[in-house]
Amino acid sequence: MTPMRKTNPLAKLINHSFIDLPTPSNISTWWNFGSLLGACLILQITTGLFLAMHYSPDASTAFSSIAHITRDVNYGWTIRYLHANGASMFFICLFLHIGRGLYYGSFLHQETWNIGIILLLTTMAAAFMGYVLPWGQMSFWGATVITNLLSAIPYIGTDLVQWVWGGYSVDSPTLTRFFTFHFILPFIITALTTLHLLFLHETGSNNPLGIPSHSDKITFHPYYTIKDILGLFLFLLTLMTLTLFSPDLLGDPDNYTLANPLSTPPHIKPEWYFLFAYAILRSVPNKLGGVLALLLSILILAMIPILHMSKQQSMMFRPLSQLLYWFLIADLFTLTWIGGQPVSYPFITIGQVASVLYFTTILFLMPITSLIENKMLKWT
């Protein structure tokens with residue numbers, strides 16, 4: 001008798017995606033992060049839903065409603081810190097997922113890659129809006145500084161900023177619309193994730209060797225479900241350790257002070273996962289140039305399939321490209337560190353050098369290195 005999972009239309013859909021899915025037999029732990037991102041999304045939607053039940057999206061009550069959630073709501077502090085640290089874990093998994101895609105050449109599945117870039121941008125938008133909601137000092141000034149960047153757009157910039165703010169400054173209307181978008185975006189992310197999976201299953205997963213694996217595939221269940229569950233346990237262990245022992249480790253102390261439009265914090269900075277892009281933004285003296293550099297720091301990912309010059313998909317057997325790849329990772333760590341430092345010498349210079357190296361490595365050094373490696377293949 002045919003199992004129901006192969007006959008029922010809905011069960012068949014789940015079966016083809018998570019049970020009988022043909023998967024390369026040699027994919028490593030680096031392929032775990034896709035499922036972890038799914039777990040992060042479920043966690044964020046669940047905790048966010050409970051927080052939204054008690055949150056008040058108004059400038060006069062937002063800060064006190066967060067204090068109320070933390071102090072008075074049953075396990076409110078747990079839900080709040082799971083949500084805040086869950087966002088950090090989300091971005092850690094996201095960066096590792098993109099890093100794996102770059103290393104093993106998964107970007108050659110272009111539709112999947114491009115939807116992934118849209119997912120990254122949407123997630124960044126959701127996280128930024130979420131950071132504004134507690135209405136602390138860093139929330140308020142972060143919102144003011146980042147939304148003010150829209151004024152760099154010629155002709156329509158100023159009108160656009162006032163339209164986003166809902167007035168002449170960041171206030172209650174801004175908070176209300178940010179809360180609205182922050183609530184709806186995770187559901188848009190879920191829809192985009194479904195599309196991402198749909199296109200991925202059209203081509204099948206890549207593998208560490210970067211070669212076709214049609215002749216050597218195994219079913220996703222039980223082999224990779226067990227592997228993913230192990231990854232999920234390690235993820236939850238890390239998240240719970242962070243939440244229960246150091247919940248404010250990745251946050252900013254300034255956000256425990258009520259937003260005050262008359263007092264600017266000594267150093268305005270976003271959450272740690274945006275610091276690399278913030279450092280690139282600050283490295284350009286011109287406002288419009290900085291905004292363009294900020295956008296390009298993410299959108300440059302869309303150019304990577306075009307810049308791929310190697311005859312091999314994966315970097316597994318390309319030592320020179322591997323060297324450049326790890327140089328790029330080190331450069332991103334440097335940018336993240338610089339983004340959290342004050343705007344003074346020598347941090348400005350280091351940030352500018354790191355920003356130039358970031359774009360130079362991706363646009364010029366990596367394609368040239370790939371061409372050199374192609375030549376080296378002929379010599380062997």
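Positions of Cβ are set from backbone N, Cα and C atoms, glycine also.
Some features that Swiss-Prot has for this protein:
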- HIS83, HIS182: heme b b562 binding site (BINDING)
- HIS97, HIS196: heme b b566 binding site (BINDING)
- HIS201: ubiquinone binding site (BINDING)
- 33-53: transmembrane segment (TRANSMEM)
- 77-98: transmembrane segment (TRANSMEM)
- 113-133: transmembrane segment (TRANSMEM)
- 178-198: transmembrane segment (TRANSMEM)
- 226-246: transmembrane segment (TRANSMEM)
- 288-308: transmembrane segment (TRANSMEM)
- 320-340: transmembrane segment (TRANSMEM)
- 347-367: transmembrane segment (TRANSMEM)
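Checking each of the binding-site residues HIS83, HIS182, HIS201 against HIS97 (heme b b566 binding site) by C-alpha distance, the shortest gap belongs to HIS201. The listed stretches are 77-98, 113-133, 178-198, 288-308; of these, 77-98 has the most Cβ pairs under 8 Å to the transmembrane segment (226-246).
In this structure the C-alpha atoms belonging to HIS83 (heme b b562 binding site) and HIS196 (heme b b566 binding site) are separated by 24 Å. Remote same-chain partners of the transmembrane segment (178-198), defined as residues 6 or more beyond its termini with a Cβ less than 8 Å from a stretch Cβ, comprise 17, 37-38, 41, 44-45, 48, 52, 55, 57, 112, 115-116, 118-119, 122-123, 125-126, 129-130, 132-133, 143. A distance of 21 Å separates the Cα atom of HIS196 (heme b b566 binding site) from that of HIS182 (heme b b562 binding site).
HIS182 (heme b b562 binding site) has a Cβ environment of 21 other Cβ atoms inside 10 Å. Across 77-98, 113-133, 288-308, 320-340, the stretch most heavily in contact with the transmembrane segment (33-53), judged by Cβ pairs under 8 Å, is 77-98.
Remote same-chain residues near the transmembrane segment (320-340) are listed as 99, 102-103, 269-270, 272, 274-280, 282, 310, 347, 350-351, 354-355, 357-358, 361-362, 365-366, 369-370, 372-373 (criterion: CB distance under 8 Å, separation of at least six residues from the stretch ends). Within the chain, the transmembrane segment (288-308) has long-range Cβ neighbours (under 8 A, six or more residues past its boundaries) at 98, 102, 105, 107-108, 110, 113-114, 117, 120-121, 124, 149, 152-154, 276-278, 280-282, 355, 358-359, 362-363, 366-367, 370. Note: HIS201 (ubiquinone binding site) has non-local neighbours HIS16, SER17, LEU21, i.e. same-chain residues 6+ apart with C-beta under 8 A of its own C-beta. Counting every protein chain shown, 21 other Cβ atoms lie within 10 Å of the Cβ of HIS83 (heme b b562 binding site).
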